[in-house]
Every structure is written in structure tokens, then in C-alpha cells.
Amino acid sequence: METLLKGKKIVLMGVVNKSSIAWGCATAMKKCGAEIIYTYQNDRVKKQLDKLIDPTELTVQCDVSNDEEVATTFAEIHAKVGNIDGVVHSIAFAPKEALEGEITEAPRDSFKVAHDVSSFSLIAVAREARKYMNEGGSITTLTYIGSSRAVNNYNIMGLAKASLEAAVRYLAVDLAKQDIRVNAVSSGAIKTLASSGIKGFRDLLDEAAERTPANKQVTIEEVGNTVAFLMSDLSTGLTGDLIYVDKGTHLS
Ligand code: NAD
């Protein structure tokens, strides 16, 4: 396990604090010997990130809603560490009013923002990352079952996740030319900064745990372990795929 990702340079996008799913990915991938390059949304997030990581680790700003910034981020990473082997995209955002009540009440702008930051960003990231990726590289994003089921209050984010999952399939076809794999991990519900924005999220957590065969919630470490596997050469047979890491919530 300690050598699974030895020699691999992986860009990790989306750590904001130690509850972040991306932080579970960082922990798992570091255990497997990966070198991690962290990207952060803005200065406020950087302050939080700096508290978690070693000062010698590379961090680069990347607001994924800005194409130019995505381009300069990956160029800067390449200038500092050379080619990369993987990217973990653990980013989503929707305005609060898009995550409550009935979907008919959702403002048009919230649809645009949610799809831009939570779905198109994967395409923008893949476009720049592929310029600097080694053959055999891997890109993984995080999604949620609200893409295929009507989950209370998830609303517009459910649509954005459906779009994200479609983007994974199209990207998998395009990037196969470079032998780069693109997959999604569908995580069970976990309390994080982003998920706290969903109205009634506490009930969603309880309900998700009740629906698992073992009556347990999945952890960020468990999600991180699957992401580490997808970054590794053990998963070369998978692309355009979606893996549920939710303790079986999706079964019922
Ligand atoms: P989180 O709040 O810890 O992470 C969300 C991250 O998105 C933050 O680091 C934030 O800075 C980043 N972000 C938002 N807008 C951005 C932008 N414009 N540019 C760059 N970064 C931006 O929450 P999380 O729950 O760990 O979310 C990570 C991913 O996991 C998301 O895609 C989320 O939808 C997905 N997910 C979460 C759950 C859950 O229950 N928490 C379940 C399934 C999937």
C-alpha cells in the first residue's frame, strides 16, 4: 500500500478543511506514497489549507470558474514539478436558494452558477491538465446519487451532478487518445462545509445511514481510499465509470 502511488504527482482540488472529502483523498494518497499538489479557491481557503499541510508542499490558487486561472494554474504546476499523473476534482457549489424547497422556485442564475462551478469546471480542468499529463494518467471527480434520484432539497445540484457524470463519459472518450482515464466516485452523504448548505442535511445523513445494510455512514477516508485506487495503476481497466462509495446506500 505504501508504494501504490510512489513517484506519482497528483493535483488535488478542493480541500477547505479537515472534513473535506478531498482531505480524505489527501490522507489516503499520501499513505500510498503520492506527491500531492494542492489547489485552493481563494486566499480565505488557502489560510485554512495551510493549517493542514506541510509548508514544503506545493499549493496553487485555482478558481475553477475562471478559464484563464485554470490555464495559469496548470502551467505553474508544470513549471514547478514537471508532468503530472493525476487530478482529483472535488469541487462543487450552488447558491443556498438552489438547495431548498421546490425546484420550480430555483432562480435561473443559480442553475447557471451550479453547472458552471460543479460540472463545466471538470472540462476546463481536463483541457488544461491533459497538456501536462503523463500517459496512463487518471482524472477523478466526486458526485452524488442526487444525480439519478430526486433527493429532498438537492434540487439544482442534482442536475449539475447528472451533467458532471455525462461529462465524465465524454471526457473518457476524448482523453483515451492520450491514455488518460476519467472516472467519478459517488460518495455517500458526509457532513462537510459544502453539504451543510443543503437544507435539512442532518436528516439526509440519518436517512442515508439507515438505508445502508450496516447502518453506518461512509467516511472521507473510505472515499479517499477508492480515489487512491483510481489514481493508481491497479485501475487501468476503468474509464468513464462511476463507483459508489456509500456503504451501500444506493442499493435501496
Ligand atoms: P467541501 O466544502 O469540503 O469542498 C468543496 C470544495 O469546493 C471547497 O474546497 C471549495 O473551496 C471548492 N470550491 C467551490 N467553488 C469553487 C471554485 N469556484 N473554484 C475552486 N474551488 C471551489 O465539501 P465536500 O463535501 O468535501 O465536497 C467535495 C465534493 O464532493 C463536491 O463535488 C461534492 O458535491 C461532492 N460530494 C459531497 C458529498 C457530501 O455529502 N459531502 C456527497 C457526494 C459528493
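Placed from the backbone N, Cα and C atoms, the Cβ positions cover glycine too.
Per TrEMBL, NAD(+) binding site is recorded for Gly14, Ser20, Ile21, Gln41, Asp63, Val64, Ile91, Lys161, Ile190, Lys191, Thr192, Leu193, Ala194. For Ala94, the entry in TrEMBL reads substrate binding site. Feature annotation from TrEMBL assigns active site, proton acceptor to Tyr144, Tyr154.
Here the features listed in TrEMBL are painted onto the structure.
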{"residue": "Gly14", "record": "NAD(+) binding site", "Cβ within 10 Å": "26"}
{"residue": "Ile21", "record": "NAD(+) binding site", "Cβ within 10 Å": "26"}
{"residue": "Asp63", "record": "NAD(+) binding site", "Cβ within 10 Å": "17"}
{"residue": "Ile91", "record": "NAD(+) binding site", "Cβ within 10 Å": "24"}
{"residue": "Ala94", "record": "substrate binding site", "Cβ within 10 Å": "25"}
{"residue": "Tyr144", "record": "active site, proton acceptor", "Cβ within 10 Å": "26"}
{"residue": "Tyr154", "record": "active site, proton acceptor", "Cβ within 10 Å": "27"}
{"residue": "Ile190", "record": "NAD(+) binding site", "Cβ within 10 Å": "22"}
{"residue": "Thr192", "record": "NAD(+) binding site", "Cβ within 10 Å": "22"}
{"residue": "Ala194", "record": "NAD(+) binding site", "Cβ within 10 Å": "23"}
Separation of alpha carbons, Ile190 (NAD(+) binding site) and Tyr154 (active site, proton acceptor) (Å): 14
In angstrom units, rounded to an integer, how far apart are the Cα atoms of Thr192 (NAD(+) binding site) and Tyr144 (active site, proton acceptor)? 14
Residue pair Ile190 (NAD(+) binding site), Tyr144 (active site, proton acceptor) - Cα distance, angstrom, rounded: 11
Quick one: pull the CA-CA distance for Ile91 (NAD(+) binding site) versus Tyr144 (active site, proton acceptor), whole Å only. 12
For ligand 1, list the recorded positions among Ala94, Tyr154, Ala194 whose CB atom is within a distance below 6 Å of it, in sequence order. Ala194
Rounded to the nearest angstrom, how far is the Cα of Tyr144 (active site, proton acceptor) from the Cα of Ile21 (NAD(+) binding site)? 12
Quick one: pull the CA-CA distance for Ala194 (NAD(+) binding site) versus Ala94 (substrate binding site), whole Å only. 9
What kind of secondary structure is Ile21 (NAD(+) binding site) part of, going by DSSP in three states? helix
Could you state the CA-to-CA distance between the residue listed as 'substrate binding site' and Gly14 (NAD(+) binding site) to the nearest Å? 15
Expressed to the nearest Å, what is the distance separating Gly14 (NAD(+) binding site) and Tyr144 (active site, proton acceptor) at their Cα atoms? 16
